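S.K.: Mind looking over this structure? Questions follow.
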Amino acid sequence: MATVLDSHFLALTAIVTLGYQIFFFIITALLKFDKVTDFAGSTNFVIIAVLTLIIKGSWHFRQVVLTSLVVIWGLRLAIFLLMRILQWGEDRRFDEMRSNLGKLAVFWIFQAVWVWTVTLPVTVVNASDRDPSVQAEDIIGWIMWSVGISFEAAADQQKLSFKNFPENRGKWCNVGVWKYSRHPNYFGEIFLWWGIFVASTPILEGAEWLVILGPIFLTLLLLFVSGLPLLEESADKKFGNVAAYRIYKETT
């Protein structure tokens, strides 16, 4: 049994995550280059999942499956976001931060907290010696993950395609899954991480159930902090005077 700093790898993953985010923070601060921000966040999930799996070295089926699900999600999102920002140019979220080192540092620290907290379920699973047979919770969690990543990937691609058509300039995206949800990508991300948590429950004991803080933190973050509120505010400024948009917002 491999133990590094603590038996659940919490200290190890915290140190690795903080170091990884500090590295990219330095690049961003020195070069005023914010195109790698989302890439740094997404790939950090991959690093944590793979690192804890390899260090533990037990390679239980549940560990391999959950690690694979995190890797698939992280690499897809990292590549998509990197290609999108390279195509679109500067990240407007950092317009007020590029010249303010303090605000920039707070953002990167918050990103480190986000990564470490949300990865708690897979971290604890990979650190565990327990290996019960596949249970209903595993299958339910895997199905939730599949539904979630399908929604997220579809939403991302549909919105990107919508914005790439010149005739859609100045319009809001209301095609595909966006007809049914104003934020289908966030729905997908929240749902898939709750799936990861559900699939981790067969091995949880005692205080390990606190890993539920991962999906709770993500849900609160996207619903009330950096996700929906910012996008809703931006959309209201752009389209608030358009009657069709107000109808879309009221009915979707």
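Cβ coordinates come from backbone N, Cα and C, glycine included.
According to TrEMBL, the transmembrane segment annotation covers 12-31, 43-59, 65-83, 104-127, 186-204, 210-231.
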S.K.: What residues elsewhere in the chain lie close to the transmembrane segment (104-127), defined as a C-beta under 8 angstroms and at least 6 residues from its ends?
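M.R.: Answer is 7-10, 13-14, 17-18, 20-22, 24-25, 28-29, 37, 40-41, 44-45, 48-49, 52-53, 56, 62-63, 66-67, 70, 94, 97-98, 193, 196-197, 199-200, 203-204, 208, 210-211, 213-215, 217-218, 221.
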S.K.: Who are the chain neighbours of the transmembrane segment (210-231) in space, where the CB to CB distance is under 8 Å and they lie at least 6 residues beyond its ends?
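M.R.: Residues 114, 117-121, 123-124, 183, 186, 189-190, 193-194, 196-197, 200, 204 contact the transmembrane segment (210-231) from elsewhere in the chain.
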S.K.: Are there residues at least 6 beyond the ends of the transmembrane segment (186-204) whose Cβ is under 8 Å from a Cβ of it, and what are they?
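M.R.: Residues 62, 65-66, 69-70, 73, 118, 121-122, 124-125, 128, 130-132, 135, 137-138, 140-155, 211-212, 214-215, 218-219, 222-223, 227-228 contact the transmembrane segment (186-204) from elsewhere in the chain.
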S.K.: Report, as numbers and ranges, which residues of the same chain sit near the transmembrane segment (12-31): CB under 8 Å and 6 or more residues beyond its ends.
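M.R.: That would be 4-6, 37, 40-41, 44, 47-48, 51-52, 55, 94, 101, 104-105, 108-109, 111-112, 115-116, 119, 123.
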S.K.: With a Cβ cut-off under 8 Å, give me the same-chain residues at least six positions beyond the ends of the transmembrane segment (65-83) that come close to it.
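M.R.: Sequence-distant neighbours of the transmembrane segment (65-83): 35-36, 38-39, 42-46, 48-50, 52-53, 119, 121-122, 125-126, 138, 142, 145, 149, 152-153, 156, 160, 192, 196, 199-200.
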